[in-house]
Amino acid sequence: MAQTVQNVTLSLTLPITCHICLGKVRQPVVCTNNHVFCSICIDLWLKNNSQCPACRVPITPENPCKEIIGGTSESEPMLSHTVRKHLRKTRLELLHREYEDEIDCLQKEVEELKSKNLSLESQIKTILDPLALMQGSQNEDKHPLADNPSKMDPDSVVEWKKKLRTANEIYEKVKDDVDKLKEANKKLKLENGGLLRENLRLKAEVDNRSPQKFGRFTVAALQSKVEQYERETNRLKKALERSDKYIEELESQVAHLKHSEEAKEDVDALCQRAPSADSKGPNGSDELGPPKNQSDSARKQAGSASASHLASPSSSRLADSGSVRQESTSRTEPNCPQNKDRYPKPTEPRLGARETPMDTYLEREWGSKPSDCAPYKEDELYGIPASCTPLSLSCLQLNTPENRENPVIKAGSSKKHANHLRKLVFDDFCDSPNACNNNSSEDDRRENEKKSDCFASSKTGFWDCCSTSYAQSLEFDGSEGNAIANSVGEIPSKLSEKSGSCLSKRLSCIRSLEMNRTRTSSEASMDAAYLDKISELDSMMSESDNSKSPCNNGFKSVEVEGPSKSPQGREFLEEPDKLQEGSKLNLSKPALTADGLESGGEWKPSSFFLLSPADHEMSEDFSLHSTSHSGTSEVKPPNCLFQTEFSQGALLSSSQGLFEDQRFGSSLFKISSEMQSLHSPLQSPWSAAFVPEKRSKNGNQSTKRKIQSSLANASPSKATKS
């Protein structure tokens, strides 16, 4: 039915144009695919082709094109009006039938669907409300009963009542259970919400109480505490270092005061003996022989006691330096017989242990041989002044065994900064004790020759007979040395040539030493350990010297410190030493004339030191002032090699009044500012004994601090102890 409706609808909606002529269709013809053509057009097309022009479907006599009934054609006007009316009527009837059949089919389908819908609704009701179902069933039962009241049975009614009662009970129970379940469900929902909130709270609390979070806080707190403890430890270490330094300074001051007190006591005792010795005059030279021998023996015992604490190479070398002065004194003695008549023999005891030249002179006077002085080499202690601090040996240099014959090391041993203490250099370091014993005689002879050449010139120019100047200037060349020999009168030219050549060699060695001062790290560590051991050894030696030979130790400490805090103590300290040196050297010089003594009435002291070429430029304006009441000064030449600082009043005056005047009124030794600022790299071993008080104290304090700082920085054992 629907198929026919579609066909009818298609027929009513056929196109009205031809596919071939594209005009209004006349006598329409349809192919199998319902393509409309004009009958005339398709006939012409089929003459040449056997396919549909639109879809290429073959058009054969078995499958021809079909004509449409009721289509407009040329023959229509030929039909009558009644015929056309009947044709239209037949077409409408056909269409009406088709539509009616289709309407009937649709109505049947609607009825079937309604019945199915009712059945489904009834099923839903029975499922959702069983009571209504029961009531519905009862109503259905009542209707038949009502219809058939005669057929109702009382037994069935009772049975149905029982069923109804049981059903009601079940319903009530189920209803109560449903209510309880609803309440339980509400409670569970509330509990679930509370548990969810508790769970969230616990999660947040766990996050807040995580060990990592508190661990970070704990680590930060511990780190801050550790840093605080480290800062406190560093502060305490610094405070401990400062306290150690302060304690060391106090100990050094205490030792300094002890030495100064001992020196004052010794100087007072010496000054009490000095006026009595001066009052005897030159005629008492024969009577002073036994006291001199006694003082010499006492000094020898003190020197041997203090020398036992030093190393054997240093003691033998220092004794050799004493023997050098013996030879230099013996060389100049025959040239000055007038000194023996004019000046008495030496009568004053000396402050240091340098008694070898005096003993040599006495032995030569009494007919002794120089060979008798040989045993003194092992017992004598060379009079090098000890430091005022326990670190006097900390300035020693550590020399390698192969450098023991190098003159550079020997020249460097005499170098000394102006405000530093003296330095000792142990020149002899042998690989074995046998080698030291084998080479000892050779080294002694070589050292005697060198030192005699170096120090002989100091004896030659000690005093000058000229009234205008009391100091002599020695040049480095041989010509000026000869001029000095002519002015003095009895100095051989060979001695000055030797001194000039020796000094030039020593100065060149000093320059090479300054260029080779670089050290490796291993040598620096060895030097640090050596300085540490030397400081310990020096403290032991100072204790032993104080216990065994207090007199000698006091003299040596006074000699290093120079003048004490009072100027009178300084003059008394320097006076006997000048008397000793004068008594030792006055026999080797011509006698001073009376004109030389009375020329200006001024005492013009000079210093005894050794100058390097670098220091000649610094000492061009070097001047030595006279005593405080003279007011005049004397300028020394820049090429001065040896200048000896002694007072003529100390050597020539024998009256007690002059000694008292020197004791209380005059300052015999004053050095200008140029002398104080001058730093001579080479000095004589006894030149530091005549340094002024202020310079000595400043030098001792600065040297103490420098030695302590160097030991604290360089010594590993010192660092570990601190």
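Cβ coordinates are placed from backbone N, Cα and C, and glycine is handled just like the others.
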Candidate set Ser285, Ser547, Ser564, residue annotated phosphoserine in Swiss-Prot: Ser564
Feature phosphoserine, as given in Swiss-Prot - residue among Ser549, Ser680: Ser549
Within the zinc finger (18-56), residues counted as helix, strand or coil by DSSP: 10 helix, 8 strand, 21 coil
